[in-house]
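**Student:** One structure, as structure tokens, below. Some questions next.
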Amino acid sequence: MEPVDPNLEPWKHPGSQPTTACSNCYCKVCCWHCQLCFLKKGLGISYGKKKRKPRRGPPQGSKDHQTLIPKQPLPQSQRVSAGQEESKKKVESKAKTDRFA
């Protein structure tokens, strides 16, 4: 590498200027597009997948966040529907009649 004169401004250092001239749409010095192309070409808009944020852990103060919920027994239905009893009787009666056939 060539030694750089410390008295030179940074934009005058060798290699700091673009090799090609700036176009009327895109400036290589400032890397900005004109407003028309920015809106027309949709520059700066990406429809790609967004990165998910990592899940946060439990709060620092509590050891287990589920200890606050009191445990209750699950409700059990004691009643048996009449439709089930009738269907059982029909199956039993069919089984008895088929046995003799």
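Placed from the backbone N, Cα and C atoms, the Cβ positions cover glycine too.
The following feature annotations were taken from Swiss-Prot:
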- Lys28: N6-acetyllysine (MOD_RES)
- Lys50: N6-acetyllysine (MOD_RES)
- Lys51: N6-acetyllysine (MOD_RES)
- Arg52: asymmetric dimethylarginine (MOD_RES)
- 1-24: region 'Interaction with human CREBBP' (REGION)
- 22-37: region 'Cysteine-rich' (REGION)
- 38-48: region 'Core' (REGION)
**Student:** Helix, strand or coil at Arg52 (asymmetric dimethylarginine), per DSSP?
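**Tutor:** Coil, per DSSP.
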**Student:** Taking 10 A as the limit, how many CB atoms besides its own sit near the CB of Arg52 (asymmetric dimethylarginine)?
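**Tutor:** I count 6 other Cβ atoms within 10 Å of it.
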**Student:** Give me the mean pLDDT over the region 'Interaction with human CREBBP' (1-24), rounded to a whole number.
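**Tutor:** Summarising the region 'Interaction with human CREBBP' (1-24) by its mean pLDDT gives 65.
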